[in-house]
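Marked as Mg(2+) binding site by Swiss-Prot: HIS60, HIS125.
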Amino acid sequence: MKYLIVNADDFGLTKGVNKGVVECYKNGILRSTSIMCNMPYANEALQVKELCPDLGFGIHITLDAGKPLSSPEKVNTLVDERGYFKRGFPHSLDDADVDQIRIEIEEQIKKAFSLGVTITHMDSHHHAQSHSKVIDAFIEMAHKYNLPVRSTPLDKEKIIKAGLKTVDNFIYTFYDDGVKKENLLSILGSLEEGTTEIMSHPAYVDDELVNISSYHAKREVERKILTDKDVLQFIRDNNILLTNYSILK
């Protein structure tokens, strides 16, 4: 059987992102999203869950955007003079203290569990989990909170060796120049048996998103493709089961 998890990263970043998640669930193939717990609209998770009962919510561990949930004094090697995370991953973490990374990851996990929705998995913004200073704390916290995780080509071997549950295949090519309907249909046509995650970033683009994310215009295109009638029909015709990370728990 082919089990497909289409996950929307960046839930909570803006209202337009959250609105895009709802749209792609109700009228498209999205069944999973991951929450940026340090962002202003993360608290909309329960409200969205009521609109989208089968939507899975993961944690999008964020270490290079916005402010930490920990007090700046506790994670001073992660922040700039204004108290924001240092920008420019991966080099932004070059001088980071691994214990401080662990502290902040756990704060974000605790925030996620306080939002009133069942947490299905954990992944990370800009694949920060693959950084040599992050991966061990990421694995430790996933074990502690019994969470399946996304695995990328850079960290899959270590994640599997650690005994964490993860998908069989992770597809990250539906992004930027790869945001085309024919590309998504090609990806769907090449799905292997087992579990596959396709990473996505759908949204309604508003001024807030334009001001904080360089990746914004393509989010509108993603939203339209993920709700395209040809894509929906392909899923039906090929017996692909849409699901979320709860299938791994």
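Every residue, even glycine, has its Cβ placed from backbone N, Cα and C.
Neighbour list (HIS60 (Mg(2+) binding site), Cβ cut-off 8 Å, at least 6 residues apart, same chain): ASP9, ASP10, PHE11, SER34, ILE35, MET36, CYS37, ASP123, SER124, HIS125. The local packing around HIS125 (Mg(2+) binding site), expressed as other Cβ atoms within 10 Å of its Cβ over all shown chains, amounts to 22.
According to DSSP, HIS60 (Mg(2+) binding site) sits within a strand segment.
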